[in-house]
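Here is what Swiss-Prot says about this protein:
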type	residues	note
ACT_SITE	H88	active site, proton donor
BINDING	F22, A56, F57, E58, T80, V81, I82, F113	5-amino-6-(D-ribitylamino)uracil binding site
BINDING	S85, T86, R127	(2S)-2-hydroxy-3-oxobutyl phosphate binding site
Amino acid sequence: MAKITGNLVATGLKFGIVTARFNDFINDKLLSGAIDTLVRHGADENNIDTAWVPGAFEIPLVAKKMATSGKYDAVICLGTVIRGSTTHYDYVCNEAAKGIGAVALETGVPVIFGVLTTENIEQAIERAGTKAGNKGSECALGAIEMVNVLKAI
């Protein structure tokens, strides 16, 4: 029985990163964590392109454009949605998650969900590089692994 795994080597790989401007004080940290991790694992900074969109809801469209361009081995999607007093949070979170997942399934390109969906600003800050690590960094690792596992199949 074969065990198929993906290594964490990003040498020669190209990445697209879509980042939401809304809550950019959090998303900047997620983006920095992702880029740092990609480079530490062998990616060339010149092989990492970033696109900024207004908010998390808009991420899937640009992710799809990147995924279908043929330029990228993987696309990383970063954003932050913090619960407010209305149901807007639920719609944005659900549609962003559905859209990002659909892009991966439709294109066959790894598209990594790195949109924080938090109850409050403290939880978002914790996940952007403090107590709970940096989710942007974790998404970069996931992107590298997915590219390599797909190549191994």
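Glycine too: its Cβ is placed from the backbone N, Cα and C atoms.
Sequence features annotated in Swiss-Prot and their locations in the structure.
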residue: F22; record: 5-amino-6-(D-ribitylamino)uracil binding site; DSSP (3 states): coil
residue: A56; record: 5-amino-6-(D-ribitylamino)uracil binding site; DSSP (3 states): helix
residue: T80; record: 5-amino-6-(D-ribitylamino)uracil binding site; DSSP (3 states): strand
residue: S85; record: (2S)-2-hydroxy-3-oxobutyl phosphate binding site; DSSP (3 states): coil
residue: F113; record: 5-amino-6-(D-ribitylamino)uracil binding site; DSSP (3 states): strand
residue: R127; record: (2S)-2-hydroxy-3-oxobutyl phosphate binding site; DSSP (3 states): coil
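Closest by Cα distance to E58 (5-amino-6-(D-ribitylamino)uracil binding site), from the recorded positions S85, T86, H88, R127, is H88. Across the residues annotated as binding (2S)-2-hydroxy-3-oxobutyl phosphate (S85, T86, R127), the two Cα atoms farthest apart lie 23 Å from each other. For V81 (5-amino-6-(D-ribitylamino)uracil binding site), the count of additional Cβ atoms within 10 Å of its Cβ stands at 24 [all protein chains shown]. When Cβ neighbours within 10 Å are tallied across all protein chains shown, the highest count among the recorded positions H88, R127 belongs to R127. For F22 (5-amino-6-(D-ribitylamino)uracil binding site), the nearest of the recorded positions by C-alpha distance turns out to be H88; the candidates were S85, T86, H88, R127.
Counting neighbouring Cβ atoms within 10 Å of each of the binding-site residues (F22, F113), the lowest count belongs to F22. Here the binding-site residues are T80, T86; the one with the fewest Cβ atoms within 10 Å of its Cβ is T86.
Within 10 Å of the Cβ of F57 (5-amino-6-(D-ribitylamino)uracil binding site) there are 20 other Cβ atoms, across all protein chains.
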